[in-house]
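Peer 1: Quick one: the structure is below, questions incoming.
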């Protein structure tokens with residue numbers, strides 16, 4: 001995952017400001033570089049070799065993390081810069097962002113109740129005034145420190161060009177003002193504007209999230225053209241539908257008009273929901289039952305709209321977003337090459353100033369020993385460091401030129417091949433035979449077959465006992481079967497440890513998963529024996545110890561079922577699919593982060609607009625008996641309505657229930673029920689909110705996420721077509737967005753790199 005650079009946005013790093021000279025002259029440890037392309041020489045003043053190495057270390061770290069190099073380069077600033085990007089500060093900042101976002105669950109309206117159903121929900125716990133506000137002000141202070149540090153490190157001239165940092169100041173300031181108003185009103189403020197600002201702190205902390213947002217913004221014109229065509233399609237069919245299903249003289253034939261085409265808003269809503277197939281075939285049944293020819297209207301509408309225009313919209317979102325994302329990745333690669341080039345420049349200058357001869361002045365190169373010192377201090381993954389150092393140590397010459405230096409960092413784009421530790425050596429013939437047998441591939445196949453047999457036994461017993469209550473179950477046979485299989489799992493794990501050794505056993509990810517679950521099963525089984533003694537017929541499953549016997553056996557069975565997932569690494573296609581999902585979680589967090597931001601904003605807006613709008617029948621004490629009777633009849637008799645389906649827990653009464661409701665709408669199954677309910681309880685304008693959420697989440701973001709899943713899977717599939725299952729297990733793919741588009745990316749030219757270095761605001765090259 002790309003780390004957050006101090007500057008984001010355009011790759012144009014700005015022109016050389018004349019008024020920055022005093023920034024470099026103010027520190028005794030700062031030197032001025034003078035670089036002439038025509039004369040091909042570099043002069044160094046200041047003579048602080050450690051500063052050059054420090055700068056090279058930071059520039060290489062910037063390159064590894066795709067960060068901008070436009071920051072201060074004096075000794076104190078570099079020390080502060082490395083502290084800012086240290087794991088401690090970045091984890092602390094991430095934790096602060098998580099805490100400030102989680103406050104929405106605690107603040108009024110609090111989500112601290114066991115149910116969100118207004119019919120059974122007790123009064124939720126409300127935090128005392130000042131509790132969440134105290135936590136929030138600490139978070140805002142940390143954000144202010146983060147903002148101040150960023151601003152200092154890049155300098156005033158670069159700060160003015162960065163819109164994100166300017167908005168960052170406004171966000172922190174507005175949050176502090178709103179926080180002050182809350183305290184002045186003794187925490188009785190219902191409309192807290194800073195809730196809408198909080199997702200910004202998550203956005204600004206991720207460079208890739210900002211790139212994603214920028215790509216979405218640039219893709220919107222193309223998306224809008226298809227949405228406009230979709231709206232035209234919807235309007236035309238709405239008018240045709242209102243003409244086809246107009247109110248007639250025979251009340252028995254007015255079912256379609258009365259339910260779905262009574263007026264323009266109802267007609268538009270009906271066909272919009274049909275576009276998502278959520279009310280199909282319900283919407284056509286009243287007319288279709290009268291004349292089968294009416295089905296042509298609905299088939300034409302959904303066929304052209306759902307299967308042509310909606311899929312066309314998906315294709316456009318994928319294609320346009322992919323193009324803009326490729327441009328952003330191109331900028332990231334330029335940052336990496338620029339960081340490597342900057343490190344080479346400062347190292348080559350200090351090298352030539354010490355030992356260059358007159359005949360070698362025009363040759364750009366760095367000393368190998370200096371490169372080794374730099375690589376030893378760079379914070380990076382150990383296997384990449386070892387690979388680069390190994391290549392450096394293989395150089396016979398004492399110096400390395402630019403092309404070779406740049407080639408060292410191609411190791412960052414290579415797959416990591418894990419070498420398993422050697423097997424232990426035994427003198428005993430018996431142990432050697434056991435080692436040979438239990439390190440064989442067929443032992444894994446037998447283990448998978450045994451796990452499958454265990455799952456089938458559990459499934460058989462569950463089917464036979466599905467109609468029995470807990471008191472009628474006899475878990476004696478299930479417990480005996482479980483004991484047998486758990487003993488086999490324990491024996492298999494022990495013999496594998498014997499065959500591979502501890503380090504060798506733990507070097508396989510499937511062994512770690514398998515061993516951990518086997519240990520948990522053993523602990524649970526020992527607990528059952530300690531509580532209920534040895535198994536015997538007619539155990540009472542409902543008998544109580546620490547837990548009831550049925551609960552403990554059920555927990556054992558669930559772990560056994562989960563353990564069956566051990567077969568995934570042994571099947572190549574399944575292993576690729578699983579690793580793709582893991583990579584999506586690890587490396588594509590930015591895309592999910594945008595979805596979190598959208599969920600958060602819409603949930604807060606939903607609470608503001610619809611909190612308490614729907615009240616359960618038991619809560620309507622202010623109504624008269626006759627009104628209550630009519631409402632209850634409507635609730636129970638109107639088929640397919642919010643009330644009849646019992647959708648009461650889906651509401652906007654608190655933050656947690658709002659998130660669940662938004663997710664249910666995103667899935668689009670029965671989403672028209674929620675839209676209809678809030679339309680009845682509030683106004684027709686509430687449909688704007690629900691349609692906006694559907695367009696944002698289901699149409700745009702879900703399609704985008706599907707496209708990225710396809711990119712990730714195709715990338716991994718293409719790279720592993722010729723690999724065996726064992727090779728897939730040994731290969732640690734570092735699938736990042738940059739690597740996914742690696743083949744389409746053009747390398748920056750030498751002129752581009754030199755031009756960008758000349759524009760560095762703090763490292764003066766002339």
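The backbone N, Cα and C atoms fix where each Cβ goes, and this holds for glycine too.
Bear in mind that TrEMBL entries carry predicted annotations, made automatically and left uncurated.
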Peer 1: So which range, 142-164, 165-187, 188-210, gets flagged transmembrane segment in TrEMBL?
Peer 2: 165-187
Peer 1: I'm validating the feature mapping. Which of 512-532, 617-637, 638-658, 659-679 is tagged transmembrane segment in TrEMBL?
Peer 2: 512-532
Peer 1: For the domain 'Ion transport' (95-321), provide the mean pLDDT of the predicted model.
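Peer 2: Average per-residue pLDDT within the domain 'Ion transport' (95-321): 88.
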Peer 1: What else in the chain is close to the transmembrane segment (441-464), if you only count residues 6 or more beyond its ends and a Cβ gap under 8 Å?
Peer 2: 477-478, 481-482, 485, 488, 492, 496, 557, 560-561, 563-564, 566-567, 570
Peer 1: If contact means at least 3 Cβ pairs within less than 8 Å, sequence distance 6 or more, would you call the transmembrane segment (294-318) and the transmembrane segment (590-610) in contact?
Peer 2: no
Peer 1: Are there residues at least 6 beyond the ends of the transmembrane segment (590-610) whose Cβ is under 8 Å from a Cβ of it, and what are they?
Peer 2: 1-2, 101, 104, 109, 191, 195-196, 198-199, 202-203, 206, 208-209, 211-213, 216, 584, 651-655, 658-659, 661-663, 678, 682, 686, 689, 693, 696-697, 701, 704-705, 708
